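If you look up TrEMBL, you'll see 259-324 marked as region 'Disordered'. Under the heading compositional bias 'Basic and acidic residues', TrEMBL lists 259-281. Per TrEMBL, compositional bias 'Acidic residues' is recorded for 305-317. As annotated by TrEMBL, domain 'PI-PLC Y-box' applies to 363-449. If you look up TrEMBL, you'll see 451-580 marked as domain 'C2'.
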Amino acid sequence: MSKQTYRVCFCFRRRFRMTASEAPKEIKNLFDQYSENGIMDADHLQRFLIDVQKEVKTTRDDAQNMIERCTNELKHLNIFHRKALNLEAFFKYLFSDLNPPLESRGVHQDMSAPLSHYYIYTGHNSYLTGNQLSSDCSDVPIIQALQRGVRVIELDIWPNSSKDDIDVLHGRTLTTPVELIKCLKSIKEYAFVASEYPVVITLEDHLPPNLQAKVAEMVTSTFQDILFSPGSECLKEFPSPESLKKRIIISTKPPKEYLKTKDVPKEGEPQKEKTSGENKETPAWGREVSSLKDGTVTDYKQQDLDEDSNDEDDPEYGDPKSADCTQYIAPEYKNLIAIHAGKPKGGIDACLKVDPEKVRRLSLSEQQLEKAVLTHGKQIVRFTQRNILRIYPKGTRFDSSNYNPMIGWTHGAQMVALNMQGYGRSLWLMHGMFRANGGCGYVKKPDFILNPGSDDEIFDPRASLPVKTTLKVTVYMGEGWYYDFHHTHFDVYSPPDFYTRVGIAGVPADTIMKKTKTLEDNWVPAWNEEFEFPLSVPELALLRIEVHEYDMSEKDDFGGQTCLPVAELRRGIRSVPLHNVKGEKYKSVKLLMGFEFV
């Protein structure tokens, strides 16, 4: 890797000297400070870990064990009798997986509170393999979601045209009862691979009572004793994730009556969606997430408050005035439902009314949420203290793109459902949010969001709040692209020109992005730049990190990304692995960064 040649034309080649990966000046200075005669032994490393890395409980034995782990991992280096580190080994340790950016504490939050006290890793239309209109349905994306740690899986179930069996639309829904059973069995098999905490299945149910009974038999025979069935009545309070370990929970609207007049899509046609006339959303990862702060959220003059048909005014909350209805209900289906869903008549005020005698789930589209937070922000926060709020993508996101999940999370919404089939910055935020709490799929909401005080005491994410802390981020350097990418991937004629974007996603006042300078023709860029981020609500902040390769004539190339929960960052100098646009970790690409709270 000392020199690299690029062909410019048939008769001309450019040669570039390759920069070796070596410790930045600040790392060298720290090694000199915490070593003696070029050797860092266990006593030296212990002082470094306590003083610089803020690992205040580190003992000498811990430091010695770390040296031994380093020497086992870095056998190719010249280590002094496996009892100490030289500069190269110290640098490699800092830049290795032995030095991750997040606390490795597993599940460490209190898991004994009601379900409504947690953000829950939630997918939308979990069975689709691609776009929302014509992609195949399969259990494969469901399996992949569960393996990643997703805890809420959505299934759509429809009757066929004659209403005598379960059928679903090509591309948008499961095609036969066999497919539904296959999905249920896959959920059972993979539900607790990544996490032992409960999996919720939300059913978008368009079935008459006889087919609801059929679904009930499928569900009970598949899940048997792991199915949580509290009975037909609404719960007065949700149980805790701890009490529901390795249980399956069903959430849908209770069957009150079947409306014969409800439209049933014809075979081969997609579910009807309202359209606003807006252009199809760009599927590329590069679209920035919208924010209430920057004014890029939906224009409500269009009044495009599209709802999936399962979330129309719920007959449970008022008898329909003009519908030919049968009064028969399927009790075995109703008894399955642990989390009752429904949307009462009367507008947003009725939807957000808190009933002290029972809890429920409410679903709002992303546009309905964006409109509601402008006028009912505190009511939403209060509603989510006891009840569950699910947010789903607008119906015009045919390409499986996504919206900004921070709007829902900052207002207490537990189930912010994103399309897992696509990729992009919104989904990266989702990945970052649920890296917290050991990646178990449940993240405890901050206490101030759960504070049931007066209206003046209810948390308002749009309010101007004092700064609690300032996160200081240092971007030292990066490496690994040379090994994970072809040498002409970024630029045909020269090595890449990398820069890093770093910033915060959180409440509007904290949200910001900054960037380093661009370093030309360098596979191992060393930026050595420092940024400060004042945080008014650090508990809800996510650290966004992206690397791009500058291109003068075209769109900048993507070089990696990650998103990290600020509340679980480890202070000190850390190795930060990067991921591709789909959220898959690169084998070699990573950044060396410093984190400090001041």
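Cβ coordinates are placed from backbone N, Cα and C, and glycine is handled just like the others.
Note that the structure is predicted; figures quoted are calculated from it, not measured.
Note on the domain 'C2' (451-580): DSSP counts are 10 helix, 57 strand, 63 coil.
Note: the domain 'PI-PLC Y-box' (363-449) comprises 41 helix, 15 strand, 31 coil (DSSP; helix = H, G, I, strand = E, B). Within the model, the domain 'C2' (451-580) shows a mean pLDDT value of 94, rounded to a whole number.
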